[in-house]
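Feature list (source: Swiss-Prot):
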- 8-39: FAD binding site (BINDING)
- HIS567: active site, proton acceptor (ACT_SITE)
Amino acid sequence: MAIPEEFDVIVCGGGSTGCVIAGRLANVDENLKVLLIENGENNLNNPWVYLPGIYPRNMRLDSKTATFYNSRPSKHLNGRRAIVPQANILGGGSSINFMMYTRASASDYDDWESEGWTTDELLPLMKKFETYQRPCNNRDVHGFDGPIKVSFGNYTYPQCQDFLRACETQGIPYVDDLEDLKTSHGAEQWLKWINRDFGRRSDTAHAFIHSTMRNKENLFLMTNTKVDKVIIEDGRAVAVRTVPSKPIGDSKVSRTFKARKQIVVSCGTVSSPMVLQRSGIGEPSKLRAAGVKPIVELPGVGRNFQDHFCYFVPYRIKQDSESFDAFVSGDKEAQKSAFDQWYATGAGPLATNGIEAGVKIRPTEAELATADKAFQQGWESYFENKPDKPLMHYSVISGFFGDHTRLPPGKYMTMFHFLEYPFSRGWLHISSDDPYAAPDFDPGFMNDDRDMWPMVWAFKKSRETARRMECFAGEPTAFHPHYKVDSPARALEQSAEDTKKVAGPLHLTANLYHGSWSTPIGEADKHDPNHVTSSHINVYSKDIQYTKEDDEAIENYIKEHAETTWHCLGTNSMAPREGNKNAPEGGVLDPRLNVHGVKGLKVADLSVCPDNVGCNTFSTALTIGEKAAVLVAEDLGYSGSELDMEVPQHKLKTYEQTGAARY
């Protein structure tokens, strides 16, 4: 299909949010011409997308489905540069993310203090996009006939129940629905953005774009195309200039597409502010320094960068336990078995993400008493009067989430943590008017001292969970904090007996130890009165007591390992132009997502969030997409039932061995 030069609506960015907007608007009126422009490749029937169990491949630094941005070095990360990825494929993060179904707390949206954006007002839109594929006691807060599917997947690793039992012993109760918008302390079996009918990832491109393009002729798609800038004339956005996704030699190849009615920028938290800045919207002095003529003065563009700070901690598990380690590390038999099962039935290890259970937690009064004064003050000002806000998240991954070439052989589980509401803030700005140039970027990871105590606290909590799990078999010491050798908190390696099982009878150096820094767990048990062994579970009856030196070791570990959770937001904050408490350096958008000072231009993606949300952010991206579609449609004069904008169902019929098409 030839691409015209003029459209009614242009959506810049085919990510999680942009696909919702373009798909919905194309279904409001068949005469409304909509163009969706995406920098990455088309994801249609791409097995790296629709097979849930191979998602770690998209996280590798050589991935073609993500762009990796390097930050300035940071003293808060022990001199490291942070690496912040952004999806680079149609569907955005929904095509490559962890597929973890979590939702924001009700107070999160209310705290944005934007007209039309309270949780009560957004809940119908949250229900609109989802089909909740499990028994439900909270039917008033979930949806059951939307295009995006939510389920447990079609496989569950045994670490699920093991983890939940261990959490109960720590006073973290099992909760049937931790995503009810109000519960902030509990453990649950983790739901996933997976269609249980087919064992396939549920992403916004297949749900909103491919389904619509099969049935409509008014939706146009361009992939492998980068948005350079929005052209503004007499205070109105009138066109979009594009370039190829990668430079072609020294030539300057560009195209310009006119928009008769509306332009929506939805390029993501990193790219959307850069598009605005290249368009002349931002801090004038910085725009001039980058070679851009200022048009609209909005200093808040690129400011208020936020993320969730995560870290992964591996633990050894017993050799008779199940994990995905063999599959992801290249075992041909394990891979063939998993692929054969999925293509035959849509079930098995490839029909899950391996993240089977997790917690949202708040500290007790006794735990808060151990926090430093800085965090205690932060707690009082931000959390204390909002009981629906969790402080930390952690979950169990049924294998080692990382590079297996750097790890001793064996089976593992990983505790995956992230801080729900960091106080730290960062920024980014274009370094030139070249659309291919990397930004000047400081994400601000861990630059607020109030963020350290909860990160250390969660490490201790999850470590106690791991030690109480039946499958627990030790701690790979090289991947844990480096405590003093005589510390009771020191990491304990797997037992000599488990080492023999991993190594096999022909291994000549198993259990050959140099020095005393790494102690096998069996030897430690002989001197540990708190350890009890039963036929059912290994139980450590008392929590580890940490010294100040131990805490310092954990803090240093956090500085060396804290990283993005792929959840960045805030760089085009929805706030008054002069700013407010959420965006003190100035807002970028009004409550209808219009860019201050420009007509016909909206921004709609996670960059609009003025404050953080306590969840994996895909659910928020979907909510923003649904809201933006309604706002655009209303601005175009549609109302009532026209705003339903129902998209056609994306049909899946057969499992095909080709791995190319499953309809």
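Glycine is treated like the rest: Cβ placed from N, Cα and C.
Distribution of Swiss-Prot features across the structure.
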| residue | record | DSSP class |
| --- | --- | --- |
| ASP8 | FAD binding site | strand |
| SER16 | FAD binding site | helix |
| ARG24 | FAD binding site | helix |
| LEU32 | FAD binding site | coil |
| HIS567 | active site, proton acceptor | coil |
Nearest-integer angstrom distance between the alpha carbons (Cα) of ARG24 (FAD binding site) and the residue listed as 'active site, proton acceptor': 24
Output, ordered by sequence, the same-chain residues six or more apart from CYS12 (FAD binding site) with a CB under 8 Å from its CB, or 'none'. GLY18, ILE37, VAL227, VAL230, VAL240, ILE263, VAL264, VAL265, SER266, CYS267, VAL275
Given a separation of at least six residues and a C-beta threshold under 8 Å, show me what packs close to LEU36 (FAD binding site) in the same chain. VAL11, GLY14, GLY18, CYS19, ALA22, ILE209, LEU219, PHE220, LEU221, MET222
Take the C-alpha atoms of VAL28 (FAD binding site) and the residue listed as 'active site, proton acceptor' and report the distance between them in angstrom, rounded. 30
Sequence-ordered list of residues in the chain of SER16 (FAD binding site) that lie 6 or more positions away and have a Cβ within less than 8 Å of its Cβ, or none, is ALA87, GLY91, GLY92, GLY93, SER94, THR204, ASP605, PHE618, ALA621, LEU622, GLY625
Across all chains shown, how many C-beta atoms besides its own are within 10 angstroms of the C-beta of HIS567 (active site, proton acceptor)? 24
